[in-house]
Amino acid sequence: MPLNVSFANRNYDLDYDSMQPYFFCDEEENFYHQQQQSELQPPAPSEDIWKKFELLPTPPLSPSRRSGLCSPSYVAFASFSPRDVDDGGGGSFSTADQLEMVTELLGGDMVNQSFICDPDDETFIKNIIIQDCMWSGFSAAAKLVSEKLASYQAARKDGGGRSPARGQGACSTSSLYLQDLSAAVSECIDPSVVFPYPLNDSSSPKPCASPDSTAFSPSSDSLLSSAASSPRASPEPLALHEETPPTTSSDSEEEQEDEEEIDVVSVEKRQPPAKRSESGSPSAGSHSKPPHSPLVLKRCHVSTHQHNYAAPPSTRKDYPPTKRAKLDSGRVLKQISNNRKCASPRSSDSEENDKRRTHNVLERQRRNELKRSFFALRDQIPELENNEKAPKVVILKKATAYILAIQAEEQKLISEKDLLRKRREQLKHKLEQLRNSCA
């Protein structure tokens, strides 16, 4: 399908500059005329005074298509066969026109809206966005921009010296593109200059190869074909790139943005720049496990179940066995609650509440036992045996009188017993005398 059907004679500067959208509050009023009159004469009492200072509500101008030819779709332009362009009459277009056609087709205007800079400028390396760790995800995008700019510059230099004839075939175009790619790789920014420490093993950009490296030399055809199929740098070895299918520029940009998301919260390991450059070289076949660093932050759980040594010793008393089990269970629960609150300043208050509660339990137990004793005493008094509502004072008085009566009767019985014993003794003596007289 020829790509220059509808893009043959289009001037993008005129299209964007001549059709600027303007927004008016009312279509019938003359905005410029009203503004000029408001500048010359003061506003009427019924007129809004702020209309005098009102500006034209125009949106920001779009960047010129001619000034930003560093579009990321240049890689996609080099990937398709130039035979389609030549067959469709594309031989009369320059390299810039073909780049604009591919940019319009793919809609790749990311670079014009985000990064418009010169890769040879020293301020590009010292840019605060690159130096900032929060914006370090844009370093790979900036590197991509520098590669595209370098490739476009090489294409312009070669395009100025070439003849207008473009019927050489796919081999010449692909070799030219590979030379531009090697030039772009040689001019890219070394991440070791910008980032002395790696941000992440999977997302950190690898240092670019030198211009004299064999990985990007035009003599090695297999590696160059793999670089043509995937023009973006990858953390994996270059030998594995031959099996990867060719991808478009938009897909590869989305994949790179997904891969280079950086977790700002986590604290990653730090290696010296020498070791990082050795581990990040393309000749490394496998990623070694990073050594443990003391800078890694870990969350640990501190147990709060500790004994409160500052608490005063509890004074235990010997209680009856029937109530000791309940008191022990209550103390166990209270000790658990006190251990949970050992770090709070209310530990002494909780201990006082525990002692007060224990005292209340013991007092209630004493009162219950006293009541049972009164009931037992009432049952022993004949006058109050069947009186369940007898007060304690009456029970005590009747009990005292009953005890005194019992004691008096006891003394009477004791004296009577003594008299009977004496009488027995007398009778026994008299019986003995009678036996002796009969004998």
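Note: Cβ is positioned from N, Cα and C throughout, glycine not excepted.
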Of 17-38, 369-390, 413-434, the range Swiss-Prot labels region 'Leucine-zipper': 413-434
Annotated stretch (motif '9aaTAD', per Swiss-Prot) among the listed ranges 100-108, 145-153, 190-198: 100-108
Range among 45-54, 85-94, 355-364 that Swiss-Prot annotates as motif 'UBR5-degron': 355-364
Rounded to the nearest Å - Cα separation of Ser151 (phosphoserine) and Lys143 (N6-acetyllysine): 12
Secondary structure content of the region 'Leucine-zipper' (413-434), with strand meaning DSSP E or B: 22 helix, 0 strand, 0 coil
Local Cβ density at Ser151 (phosphoserine) - other Cβ atoms counted within 10 Å: 24
